[in-house]
Structures are given as structure tokens and as C-alpha cells.
Amino acid sequence: MLIMSKDSNFFTIFIISVLFHFGELAWGYPEQGKWSLPVSQEEQYIAVTKSMFNGTSVLVKVKCDADMETSASPVNVTISWVLRWTPCWKEYLFYSEENKKFFEDLFESPELPLNHEVIQYPAGLKSSQFSFKCDNNIILPPADESNVRILEYHSSDGSTEATPTTNNTQKLKRLTGSDAHEEGLALPAPGSKTARTTRPLVTVHSDGVYLFMMRIKSDNGSFTATVDLQMVGSYGYLSASDYPLLWFYSVLCVVYVIYGVVWLVLCFLRWRDLLRLQYWIAAVILLGLLEKAMFVAEYESLNEQGYSVPGLLIAAEIVSCAKRTISRILVVIVALGFGIVKPRLGSLLHRVIALGMLYFLLASIESCTRILRPKTDQSKQMLVAVIPLALLDSLICWWVFSALVSTIRTLRLRRNPTKLALYSYFTNALALGVLLSVIFMFWSVRYHTYDDCLKDWQTLWLNDAFWHLLFALLLLVIMILWRPTNNNQRFAFSPLLDDGSDGEEIDHLIGGGLAEDTKHRSRAASTTSSSPRSSRQHSAEDDLKWVEDNIPSSFADMNLSALDSDEEIMTTRFEMSKMQ
């Protein structure tokens, strides 16, 4: 059995928590499928990045309005665009709306690799310059061999590569359709009879991370334009990196429905003997189901409409924070022995409530800050929200394992094998969860964070999915351990055998020893009793001592029901007085 001691590993837990939260920094709202971007004479460039599957179509429509007050003659605009492919997820991480100079340089030389340390030759298309009159809607001609130039390969020093590698050649052909034997050319022959209004601007023929750039300029006047851009596949508007999450959340939603139905049936069959902890478990299942349903609704809406609903995504994150808060409170109170070793938490209740409120506040701030940023945003502002939450998570982890050590020690001293086995399984499950988390974090940091190119970007969805899956598995373990059964009360607190209603008394019993404390109270009662009332008290204590010495605790646990209320305790004492 793996148990963490009280006086160790807090710093290690903190470092692991910080690494986990740093791993989440790159994750924000899902990549969109529709954009409406403004362009003017002063701001001529637009750029959009997205991971796309093979067969995804790019559709563009331009709405242009000339500024007739400053222009005497009709305004003409020149439009050109670039579609750039790369296998590297981190190729455009430094992209930001303020980095206009980067787009100007990349638009002129899109065939140059951006990362000279790990050279991955890009591929793509660059259109000719099209002239239009700036008057309402402008429909761009679809890309074909007459108006689009296939990008050339360049080495890191800028010289043209005469013979690129076979792998890169095939990538280029699949992207552009330059191979006449490829099925479904991305660049159709000139003079195609397909209506321009029904055809996309270009269709990609290779999975990868794409950058679409467009430039609109005018030489004879001022203008304002709006570019309506769509990137849609046969499955919908979701990006290639986000599409697996739609199926994952759908499956988990079904799993939580099964959890809820099974737990509801078990609770209904044993509703007279339910423990307080079993109500907490039901609340966690309900919040988990609501969270997954909201995530499914968000991704399904994005897949069908092409854009996120900000309110829905934030609401899903708030529900997720509430679920995480209640689950942590549940683990803490179980570790403290609430309802199992002690009937009430006493002064610890206020600490647990304060801890839960603080965690919910910090988690909400961190989630909303993260979800309102794009996935490629590497801003350092996230550190302000991440570090306090990581520190609090470390504190909770340390408190849980410290409380488990104390609770298990108490159960061993009381010779209660039933409850001891329960807590042993629970501790092992938590320790296994921590071990799996550490292994996954090191794997994610090794292959996702420190990879300069990150070609395996299609596995990035695991960074989100793993933690939801691990939570669901730990919840399943807790449900199995604390499931309602016919002998449900064998885990409940019993005053005759679990005399420890507050933490101070438990610490006293552990520190001095149960047997020595009982003898000490017996000797004190015998020396100070001189009245019949003292004799009766002494006799009652002797009876209790005889029960403790001769009746095994396991036998008592199987036959005594939970006596948590004051009325039941008084009834027990009244029945005991009849024995005198």
C-alpha cells in the first residue's frame, strides 16, 4: 500500500501541479470554422490558422465598400491570397493580431521555413493578383492552374532545392493536386464549367496545419472591406485537432448517464440506510453529467454552425469547476473519516468549506482566462491564474494523504478490519491515480511541450481527454467502494466502537493509546467515587471496558447500525442503564 507521509513531498506535489497547469496553457477555446474579418487601406492583411483534414474546403467572400468622400473615381482593389501547409503544430504559435510585420514578410515568401533549427519544408499555393471594382460583393475565382502558383522548396539559406525529399514531394502533390494521377485535383484545369458561386476557393488534399493569408489593397482610393471566410469539411466545421473531442465527450456523457442510473437504482433500493457520503457521490455524478452534456452541446454547435457560443463554453467551464470543487471536498472529508470514523467534522468543517470556496474561485478565474484565449496563445498572463491554483491543489493533495495516514492509523488501533480494508483500497486508488497522472504529465511534456515541431499534433486532444477519463475512473472506484448494499451501515460511525466525535479526542487516543487511556479513566473514577452515583458510573465504565476487551470490533461493526444523532445516542445509553 502506497501512502504519503505528513512531512514529505509537499514541494514535489507543488512542482507536479505547476507542470500540469503549465501543460494546459496552450489549450483555449476550440478552433473556429467561420470568420468575418475587417480589411482597410491601413490594415491590408488578414491571416487565419487552422488544422484541417484531407478534403476540407476553403470558401471566401469579400464585401467591399469604397470611401466615395475621399475618392473621386471608382475605387479598384487588388486581391491575392496564400494557403500555406506545414506538418508542425508549433509553426504559428507566435502568431498574434499585433504581429503584422510577420504576415507581411511571410506573405511575400511563404515557401521559406519559419523554424531554421528543425527544418520542415512547407508547401502551399499562392494566387495571382486579381483586380476588382470595390462595389458590394466580390466573388473570387476558384483556384486552378491558370491563376495559382505552386510554392517552391527553399533551404534554410534561401537557395532553391533542386531535388526535395520524396516525402515532401508527395505532401506537395497531395496538397496542390499537381500530380495528374492523383484523384480529385485541388487545382482544376482552366475553364471549368462548374459555377463559381458553388465551388470553394480551394480544397486541401492533405492533413496538416494551415495558414490562410489574404491581402487587399487599392492604388486609387480608400476602402473598407469584410472578408467572410469558411473552412468546412464533409463532417462539419470542427478542426482536425478538436474533432476527436466531440466523440470523446459524447461517449463520456453516455458513461455518466450509466453512472447516474446505476447509482439511482442502488440508492432507491437502500434508501433507508443511505450514508451522507453517498449523497455527495450522487451530486458529483450529476455535475459530471451536466458538464459533459454542455461540452457536447458546445462542440456540436461549433461543428454545425462554424463558431462557438461564448456563453455556453463559459457555463460549461463553471459547471466543471463546481464538479471539481465538490469532488475535492468529497475526497477530503472521506480522508478525514467523516461518517466513518467520526460523526461530524467539528472545527474542521469551516476549513473544508473555506477551502472549497477558495478553490472554486481560483478554478473559475483560471478556466475563464484559459477558455477565452486561442489555443495558440502563449501569453504569460496565464501564470497569474495558474500558480495560485496549482499551489492550492498541492495543499489539498498533501492534506488528503496526511488525513488518510491518521485515519488508517486510528482504524488499526481500534482493530476495525472492515473499515481499514475500505480505506486501504481507497488510498491505493488515489495513489494509482497520482502515479498515472505523473506518467502522463511527463509523456505530455516530453512529446508535446519540448518538441520543436510537434508533428504528432493529432494526439493533442489527449491533453484534455486524459484528465476527464482519469476522473471518471476514480469516481467509478469510489462508487464501487461506497455503493449502497444490504450491510450499508457496516461503514457508518458507531458510538460504542468508534468513540471519536472530534479530532482532538482522536489525536488523544492515538497519542496515549486506547488501552492506557481506558485504564487511566477507570483508576480516576475509582479514586474519586464515594457516592452511589460514582459507583454506578464506575460500574458502567467497567461494562464498557468489558465490551471493548471481549467483543471484536468487526463483530460489532456488522451488527450495529449508525448512531449519529443525539437522540439515538441517548437511547443507547438508556438501554445500557437497564443492564446495571
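Using the three backbone atoms N, Cα and C, a Cβ is placed for every residue, glycine included.
Marked as compositional bias 'Low complexity' by TrEMBL: 524-534.
Each residue of the domain 'TMEM87A/B GOLD' (30-104) gets a DSSP state, and the totals for helix, strand and coil are 9 helix, 36 strand, 30 coil. Annotation comment: TrEMBL describes 30-104 as domain 'TMEM87A/B GOLD'.
Annotation comment: TrEMBL describes 244-489 as domain 'GOST seven transmembrane'.
Annotation comment: TrEMBL describes 517-545 as region 'Disordered'.
According to TrEMBL, the feature signal peptide maps to 1-28.
Within the chain, the transmembrane segment (246-267) has long-range Cβ neighbours (under 8 A, six or more residues past its boundaries) at 238, 274, 278, 281-282, 285-286, 288-289, 292-293, 295-296, 299-300, 303, 461, 465, 468-469, 472, 475-476, 479, 483-484. Residues or ranges marked as transmembrane segment in TrEMBL: 246-267 (among others).
Tertiary proximity for the transmembrane segment (279-297) is limited to same-chain residues at least six positions away from its ends with a CB under 8 Å from its CB atoms, namely 245-246, 249-250, 252-253, 256-257, 259-260, 263-264, 267, 312, 315-316, 319-320, 322-323, 326-327, 329-330, 333, 468, 471-472, 475, 478-479, 482. The transmembrane segment annotation in TrEMBL covers 279-297 (among others).
For 325-341 (among others), the entry in TrEMBL reads transmembrane segment.
Summarising the annotation, TrEMBL assigns transmembrane segment to 348-365 (among others).
Annotation source TrEMBL lists transmembrane segment at 385-408 (among others).
For 420-445 (among others), the entry in TrEMBL reads transmembrane segment.
Among the features that TrEMBL reports, transmembrane segment is placed at 465-482 (among others).
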Close approaches to the transmembrane segment (325-341) from elsewhere in its chain (Cβ under 8 angstroms; 6 or more beyond its ends): 275-277, 280-281, 283-284, 287, 348, 352, 355-356, 359-360, 363, 396, 399-401, 403-404, 407, 410-411, 419, 422-423, 426, 430, 471, 475, 478, 491-493, 498, 500, 506, 564
